[in-house]
Structure formats: C-alpha cells, structure tokens
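Please read the structure below before turning to the comments.
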Amino acid sequence: MAEVSAQDLISQLSKSPESHKRKEYLHWDDYFMATSLLSAKRSKDPVTQVGACIVDSQNRIVAIGYNGFPRNCSDDVFPWSKAKKGSQEFDPLEDKKMYVVHAEANAILNSNGMSLSGTRLYTTLFPCNECAKLIIQVGISQVLYLSDKYADKPTYRASKRMLDAVGVEYKRHIPQKKTITIDFDTFPEEDPNASLGLNELHL
C-alpha cells in the first residue's frame, strides 16, 4: 500500500467541502430582515402584518416587534377593521388605527430602556410619521425596509421629511436570497429522556 505523505493528506483534506466554510449562509442584512418577517407572523392583523428588528453596531439583536394591540387589550374584543368615513355606520372608535401599536414602536418599547443610539432598524414596511418620531428620539441611525407601498401618502412623506432633516439614513433592502425556508424537521427528533439522563439510569 502506497504511503501518503503529510502534504498529500493536507491537500486532500483541503479539497473536501467540509474543510471550508459553507457558502450558502445568510448575509447579515438578510438575516435581520428575515427576523423581521418572522416576527410579522405573530401579528393578528388580518390585512397587514409588519415586523421590525433593532440591531446594534456589533450585529446583535436588541429588540423585535410586530403590529398589534397594547398588552392585555384583547385581540378578540378590539376591532381589526378600518372604519369607513362617510358611511352611515361610521364609528371612529371601531377603527383599528385607534388602538394598534406599530411594529417599529413595539420594537423600540421592547428594548426595555436600553440605549438605541447608533442602532439600525429593519422593518418590513417603511415607518409612518409617528414611528419616525420615535426612531429619531431614541437615536436610531439607519432604517432598512422591504416595502414602501404607501410612499405617496402624506403620513409617509412626512416621515421622510423628518428623517432627512436629522440625517437618519433609510434605504430599501434588496435581499440576496429571495426565499428562506424554515423546516422544523431539519434536525431529527431527540429522545425526550436523553436530556434528563434517564437512558443512563440503572435501577
């Protein structure tokens, strides 16, 4: 049997896919925007689901949030629809906008008082003027968003006006990956007794 030199062995190992880093890993921006999208899945809003994620300069997630009613305000009692102005049954108190906390605001509130100065905000929908006020007040320096579908509405034009005035950068995130799949069956099911060490008990 021919002897394999150390140099040949190193050469063979270096050609193995397992000896190099995986190339299909998520880019940071895709990772954080995906976190926002996943957070949006928690929203009970039947029409609009928005998620947001705040990240510090070390690429650590500080807080996440999604649009929904304030804590302890029942999702089954408060209205999820928009009241139609001009209709005979118009009632402003039956409009969800009176009660919903936006994803960006929830993320900021969920930071539990931590300093957000210099952080980045990832959001699935461009922030409205009310959220822009909060973004500016807490010192978030950059906003990355997926959709700006309401760009022509005064609410969002006002948002951009404020962000521009104070130098908060905002840009649309262009994903490097169009699809990210979460498969809970990726990892084999573990023996529920294993974590308890029951398989090692001898009675």
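Cβ coordinates are placed from backbone N, Cα and C, and glycine is handled just like the others.
The annotation domain 'CMP/dCMP-type deaminase' is assigned in Swiss-Prot to 27-163 on the grounds of sequence analysis. Taken together, the residues in the domain 'CMP/dCMP-type deaminase' (27-163) have a mean pLDDT of 96 on the 0 to 100 scale.
Just so you know, the Cβ of C128 (Zn(2+) binding site) picks up 17 other Cβ atoms within 10 Å once every protein chain is counted. Annotation source Swiss-Prot lists Zn(2+) binding site at H102, C128, C131, citing similarity to another entry.
DSSP gives E104 (active site, proton donor) a helix state. For E104 (active site, proton donor), other Cβ atoms within 10 Å of its Cβ number 32. Feature annotation from Swiss-Prot assigns active site, proton donor to E104.
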*Could you round the CA separation between C128 (Zn(2+) binding site) and E104 (active site, proton donor) to a whole angstrom and send it over?*
9
*The one of H102, C131 whose CB sees the fewest other CB atoms within 10 Å, among these binding-site residues*: H102
*Cα of C131 (Zn(2+) binding site) to Cα of E104 (active site, proton donor): how many Å, rounded?*
6
